[in-house]
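Okay, structure first, notes after.
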Amino acid sequence: MWARNLMARALYDNVPECAEELAFRKGDILTVIEQNTGGLEGWWLCSLHGRQGIVPGNRVKLLIGPIQETPSGQDQPTSGLMHQTFGQQKLYQVPNPHSAPRDTIYQVPPSYQHQGIYQVPTSHGIQEQDVYQVPPSVQRSIGAANGPHLSKKVVTPVRTGQGYVYEYPSRHQKDIYDIPPSHTTQGVYDIPPSSVKVPVFSLPVGEIKPQGVYDIPPTKGLYAIPPSACRDEAGLREKEYDFPPPMRQAGRLDVRPEGVYDIPPTSTKPTGKDLHIKYNCDAPGAAELATRRHQSVLLNHAPSQLGQSPGAQNDAYDVPRGVQFLEPPAETSEKANPEERDGVYDVPLHNPPDAKGSQDVVDGMNRLSFSSTGSTRSNMSTSSTTSKESSVSASPSQDKRLLLDPDTAIERLHRLQQTLEVGVSSLMALVTTDWRCYGYMDRHINEIRTSVDKVELFVRDYLHFARGAVANASCLPELTLHNKMKRELQRVEDSHQILSQTSHDLNECSWSLNILAVNKPQNKCDDLDRFVMVAKTVPDDAKQLTTTINTNAEALFRPGPGSSHVKSGSENIMNSTEYPHAASQMPLLHPGDHKAQGLNKPLPPSLGKDQPPDCSSSDGSERSWMDDYDYVHLQGKEEFERQQKELLEKENIIKQNKLQLEHHQLSQFQLLEQEITKPVENDISKWKPSQSLPTTNSSVGAQDRQLLCFYYDQCETHYISLLNAIDALFSCVSSAQPPRIFVAHSKFVILSAHKLVFIGDTLTRQVAAQDICHKVMNSSNQLCEQLKTIVMATKMAALHYPSTTALQEMVHQVTDLSRNAQLFKRSLLEMATF
């Protein structure tokens with residue numbers, strides 16, 4: 001069909017993504033052998049420099065049509081191309097199967113090299129058959145004068161010194177052109193309305209306005225041809241409101257609107273108040289007014305009327321009357337008439353915890369602390385409280401879930417955690433070396449008491465949210481995440497028990513100065529000392545639990561469609577800072593209750609089976625080293641080195657793929673493995689101080705300065721190993737290596753950064769100055785969170801390979817890790833020298 005000697009000029013640079021694709025530069029002349037070769041729409045078989053391959057048809061332009069096999073065909077000067085006829089200047093030539101003229105498909109202005117604007121074709125006979133979409137590179141070429149040309153290849157930063165920088169802004173690399181687009185995609189190229197010279201249809205203005213500002217329909221069609229042009233105006237307004245017609249026409253309260261809520265009508269007797277409303281509201285206007293008044297009364301007196309039957313309340317409100325955000329008082333629920341509690345959506349009273357739940361709490365009391373700063377954590381939280389107290393505090397929240405979307409839940413969680421950290425920091429600011437002397441306590445007793453009360457309140461509010469998140473985790477198919485969160489929650493609950501008890505004891509003694517003021521050191525800790533010691537450990541436990549919830553937010557917080565009305569009806573309460581735990585107070589129907597068995601729609605809806613599995617859970621053969629990665633479980637040097645060795649041996653790329661790796665790759669893996677296995681030194685007696693450190697300030701103690709300098713040298717050594725691992729990973733990504741290669745390289749990156757986290761944890765346990773301890777802890781926690789993000793980004797890059805977007809996101813996260821590691825190393829030096 002096609003002549004063999006078609007010539008085409010390359011319009012853009014092309015970087016091949018596979019071995020069959022040709023690489024060429026802008027301006028190269030290619031020989032077109034076959035168009036749409038092998039049935040691949042938009043791909044041409046071309047030849048360049050003696051090599052054949054496929055090229056994207058929208059990146060080249062045919063020259064002059066078929067050329068006779070004469071030497072003059074290729075020696076034509078390029079300057080003559082600017083003076084060709086209009087039929088030869090088209091960016092795209094669409095072959096017409098009906099032999100129609102091709103000069104009306106795309107009209108390009110003479111200055112298309114600088115503008116790139118297409119005019120709307122006036123012929124519509126073949127617009128739905130032969131449509132070429134504008135590749136993203138054409139749109140990006142407009143700004144080529146302001147920045148470098150962006151290709152579809154993953155861009156990796158360049159190492160400069162001990163950091164990485166992009167040669168140009170890398171965030172523009174997302175969603176770049178991967179595959180020549182299919183012509184079935186709709187609405188890719190927005191055509192300015194001013195470029196339409198000849199209107200397709202003459203429509204009245206009134207029919208166009210309801211469709212929006214732009215006259216390009218959001219559905220079918222690539223050009224300004226409204227598909228709804230033939231509809232009448234009444235048809236456009238059919239979906240103006242979502243209210244069903246029976247809602248507007250209901251003149252009596254006993255007539256149920258169709259399709260509002262699938263609740264069978266109850267057979268309870270209406271109260272006298274409802275009868276008064278029912279028989280005095282014959283007119284529609286009166287019924288609507290009475291309904292509004294009745295609802296306002298219910299909202300104002302909700303706690304006292306929760307025990308009444310749903311029949312006493314109007315069904316126009318989306319939320320069933322039996323389901324409220326606050327629990328009914330015990331006396332109201334117990335004295336309620338059983339006949340009035342037969343509604344389908346009545347919420348049963350909370351059952352006492354079963355034996356299994358109590359046993360879980362008792363087991364949690366005997367747990368070991370796995371915190372990254374575990375050696376500084378006081379063990380009073382487990383030894384000072386009984387299992388009975390802990391089970392009483394934990395059991396009422398086990399059947400309450402949070403019906404929130406992930407974004408709202410994460411935002412609220414971070415707000416609660418930040419409030420808790422600020423409260424503890426305010427309390428710690430009042431704790432000095434002589435803070436228990438009579439003079440200091442006399443001046444600051446009120447401030448200390450206020451801070452103590454705030455810390456206890458902030459911990460309680462945080463626990464309300466955390467218990468709801470743990471309840472959500474209990475509904476997941478895999479219980480791995482639930483068990484982990486329950487252990488982390490137990491630590492916070494243990495601490496809260498001590499805080500509550502000590503705060504109560506302090507209030508019992510009325511914060512007497514004669515009791516609290518101590519003029520000489522004492523060996524025994526009193527209630528105030530216990531409160532301060534336990535409060536100091538709470539932010540670490542809360543940080544660990546927050547990280548777990550944040551990482552698995554997509555699996556934990558996914559309310560079903562039936563919970564949207566609950567959120568809208570309680571939005572003001574749920575978002576109020578005065579009631580941060582309102583969402584966690586929503587009761588659930590007990591699975592064994594006889595009333596719950598007749599429900600077609602459980603409230604709230606449980607997570608479906610089609611929900612993706614939890615990120616932190618893994619099973620069987622699909623478990624990889626990333627699923628086992630949990631860097632917060634650091635105990636000591638021996639366990640740390642053992643864990644590093646296990647992670648390194650698992651899925652060892654050298655042992656599995658020796659025959660498939662090239663020689664330089666094998667040597668690179670072996671070199672990285674040698675650097676990773678280098679241990680972190682803890683023996684400071686063998687360390688020789690560096691002479692290059694500047695003179696220190698006297699504000700840092702000699703022992704703390706020695707520790708900072710010692711671990712700074714350790715950090716410097718392992719930071720170089722981290723940079724080498726990152727270099728190898730970026731080189732692997734740039735050379736388009738498969739997932740099994742770049743995942744193995746990412747393991748070296750994570751293990752190298754893991755050592756920096758271990759250095760930070762060890763230093764936190766050994767320094768004496770509290771401000772240095774907090775700074776090192778914060779930097780170490782940032783590295784921890786960054787490592788979690790990199791693990792997830794690497795998983796996504798491997799699962800969605802060869803997605804450029806996923807690979808680019810992984811590169812961004814690794815680059816951010818290098819910056820955070822450099823800041824961590826620099827902070828150690830600054831604290832040691834200033």
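Placement of Cβ uses the backbone N, Cα and C atoms for every residue, glycine included.
According to Swiss-Prot, the feature compositional bias 'Basic and acidic residues' maps to 332-344. Residues or ranges marked as compositional bias 'Low complexity' by Swiss-Prot: 368-397. According to Swiss-Prot, the domain 'SH3' annotation covers 3-65. The phosphotyrosine annotation in Swiss-Prot covers Tyr92, Tyr164, Tyr166, Tyr177, Tyr189, Tyr214, Tyr223, Tyr317 and rests on similarity to another entry. The phosphoserine annotation in Swiss-Prot covers Ser296, Ser369, Ser780 and is backed by similarity to another entry. What Swiss-Prot lists as phosphothreonine is Thr804. Among the features that Swiss-Prot reports, region 'Disordered' is placed at 328-402, 584-624. Residues or ranges marked as region 'Required for interaction with PLK1' by Swiss-Prot on the basis of similarity to another entry: 710-834. Per Swiss-Prot, region 'Divergent helix-loop-helix motif' is recorded for 710-760, and the stated evidence type is similarity to another entry.
If you measure from the Cα atom of the residue listed as 'phosphothreonine' to that of Ser780 (phosphoserine), you get 31 Å. Residues in the region 'Divergent helix-loop-helix motif' (710-760) partition by DSSP class (helix H, G, I; strand E, B; coil) as 47 helix, 0 strand, 4 coil. Break the domain 'SH3' (3-65) down by DSSP state and the numbers are 6 helix, 33 strand, 24 coil. Confidence annotation: the region 'Required for interaction with PLK1' (710-834) carries a mean pLDDT of 86 in the model.
Ranking the modified residues Tyr164, Tyr166 by how many Cβ atoms sit within 10 Å of each one's Cβ puts Tyr164 at the top. In the three-state DSSP scheme, the residue listed as 'phosphothreonine' is classed as helix.
For the recorded site, Ser780 (phosphoserine), the DSSP three-state label reads helix. DSSP assigns Tyr166 (phosphotyrosine) to coil, not to a helix or a strand. The two recorded residues, Tyr166 (phosphotyrosine) and Ser780 (phosphoserine), have Cα atoms 26 Å apart.
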